[in-house]
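Swiss-Prot annotations:
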DOMAIN    26-267  domain 'ABC transporter'
BINDING   Gly58, Pro59, Ser60, Gly61, Cys62, Gly63, Lys64, Ser65  ATP binding site
Amino acid sequence: MTDVSAAASRPAVPPSVIDPDAPAKVAARNLNFYYGQHQALKNINLSIAANRVTAFIGPSGCGKSTLLRVFNRMYDLYPGQRVEGQVLLDNTDILDPRLDLNLLRARVGMVFQKPTPFPMTIYENIAFGIRLYEKLSKSEMDDRVEKALQGGALWNEVKDKLNASGLSLSGGQQQRLCIARTVALRPEVILFDEPCSALDPISTAKIEGLIDELKEHYTIAIVTHNMQQAARVSDTTAFMYLGEMVEFGPTNKVFTSPADRRTQDYITGRFG
């Protein structure tokens with residue numbers, strides 16, 4: 001299926017999800033971000049509705065992964081970076097320096113490009129994060145681990161080997177373990193940064209199917225270089241170029257009748 005036909009087959013998304021004044025789960029307002037003197041994000045404004053999948057597309061270096069990292073303040077881990085504007089999570093500005101970052105990152109989970117299982121058992125990969133926030137009995141923890149692995153579409157494959165190392169799993173299974181680890185903390189938003197770029201087509205299809213299931217319970221933002229993937233999994237799509245938000249709207253509209261020539265040129269492969 002082509003990018004355009006995949007996008008066209010998706011149900012239309014109400015225009016309200018891109019109304020900057022509409023209620024949003026996550027919203028950026030006049031957002032600017034700097035790596036030292038380099039401005040990586042330029043006056044970003046967008047609203048992401050709850051229980052939708054929003055894809056961020058654009059050429060390498062356009063700022064899409066940077067934007068994702070601003071959503072849970074990963075940039076705080078590195079010196080010399082600066083942010084201006086607002087990022088709202090349920091109308092609370094997460095850029096407030098008084099905010100508890102551990103609690104923020106529990107609410108806004110992240111799955112990275114390369115699977116990053118901990119060097120411990122499958123069970124402990126899930127339980128470790130839960131223990132940082134909650135004190136559960138053994139039976140309660142067992143239940144949470146099972147539910148998390150079910151949420152990551154992995155339970156049936158690992159239920160008989162929970163004491164095996166997470167590193168013993170295949171690449172696709174490791175990525176689903178990372179998703180389960182994120183789900184275990186009961187976040188409200190899940191950020192995916194190129195989650196399938198290191199996976200084979202079969203594993204990619206499983207992750208995409210899982211994302212479609214997860215949006216029933218979570219708000220999802222995904223960065224991808226794969227146009228077909230963006231068209232398949234997302235409800236709304238944002239095209240970014242040179243740190244700017246060029247276009248943001250329902251995926252079927254962005255792919256079939258983009259409003260900006262740069263969007264059309266990128267989607268049709270004229271650059272990028």
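Glycine is no exception: its Cβ is also placed from the backbone N, Cα and C atoms.
Because the structure is a prediction, the values reported are computed rather than measured.
For the ATP site, the Cβ centre of Gly58, Pro59, Ser60, Gly61, Cys62, Gly63, Lys64, Ser65 serves as reference, and the other residues of the chain with Cβ at most 8 Å from it are Thr66, Met240, Tyr241. All chains included, 24 other C-beta atoms sit within 10 angstroms of the C-beta of Cys62 (ATP binding site). Neighbour density at the Cβ, taken as the number of other Cβ atoms within 10 Å, is lowest among the binding-site residues Ser60, Ser65 for Ser60. Sequence-distant contacts of Gly63 (ATP binding site), defined by Cβ-Cβ distance under 8 angstroms and a gap of at least six in the same chain, are Phe33, Ala40, Leu41, Lys42, Met240, Leu242, Gly243, Glu244. Ranked by Cβ neighbours within 10 A across all protein chains shown, the binding-site residues Gly58, Pro59, Gly61 are led by Gly58. Every protein chain shown contributes to the tally, and the Cβ of Lys64 (ATP binding site) ends up with 27 other Cβ atoms within 10 Å.
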